[in-house]
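Novice: From TrEMBL, for reference:
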DOMAIN    35-231  domain 'TLC'
TRANSMEM  46-65  transmembrane segment
TRANSMEM  77-95  transmembrane segment
TRANSMEM  115-141  transmembrane segment
TRANSMEM  162-186  transmembrane segment
TRANSMEM  198-223  transmembrane segment
Amino acid sequence: MELSSVILTTGSSVALFKLVNAGIGRLHIPESASRNSWKWRNISTSFVHSFITAIWAVLCFFRHPQMAEDLIETHSVFSHSLVSLSIGYFIYDFLDMVCNQKLSQSWELLFHHVVVITCFGLSVVSCRYVGFSVVALLVEINSVFLHLRQILRMASMAASTLYRVNSIINLGTYVVFRINTLAWMTRWLVLNRDKIPLLAYTLGSVGMAIMTVMNIILFCRLLRSDFLKTSTREAKKEKEM
């Protein structure tokens, strides 16, 4: 794809998710979430992106399996468009958070978005490492359940069976599609060091290291919030009985 096509796809993506956000704002918002309607719209929009991207990323390898054998040079217009669309989403979400949330509350995500936009941007402009970027987008399979978890909490459904089931799936997909995927990507970078320019290798290595640390921290938070606290409360009740 030419640079003009990349700009058009990315710009259209920014506009698309802006419209998705506006559309969600017109739908019914649970009373418990109405106190922070911006966050409800933001998370719901992120859920839509994750749902689309998760399916799209899997289809990329299904429709073009050769890409799995060469993550550097081999790609299709279908996969290139996916990465461009995701860049548009991350630009949109970055601007949305800058305009509506305090920096102290969002700096981690803003930093994450800058790293992703930079890495994906270099990929789509150079038409190299598109396959690697699509592998990175497989983490969105977990993000579907991660965002659903936040939506259920905002809707005051943290005590529901749906929330408990989602928590289990969320933790399972977190290990498989987020931690394991990042570990595999880091290993791939090391094994293919000779095929990758120093700048790209350095940028990729630093990005992977940052993402790994952030994901381990988030995993511990999820585990403590959804499982360890519950166990602690149950243990206290047993002692009181």
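Just so it is clear, glycine is given a Cβ too, placed from its N, Cα and C backbone atoms.
Note that the coordinates shown come from a computational prediction; the quantities given were computed from them, not determined experimentally.
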Novice: Apart from its near flanks, which chain residues at least 6 from the ends of the transmembrane segment (198-223) lie with a Cβ under 8 angstroms of it?
Specialist: 108, 111-112, 115, 118-119, 122, 128-129, 132, 149, 167, 170-171, 174-175, 178-179, 182-183, 185-186, 189
Novice: Averaged over the domain 'TLC' (35-231), what pLDDT does the prediction give?
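Specialist: 91, rounded to a whole number.
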Novice: Take the transmembrane segment (46-65) and find every residue of the same chain, 6 or more past its ends, with a Cβ under 8 Å from one of its Cβ atoms.
Specialist: 17, 20, 24, 74-76, 78-79, 82, 85-86, 89, 93, 134, 137-138, 140-141, 143-144, 146-148, 151
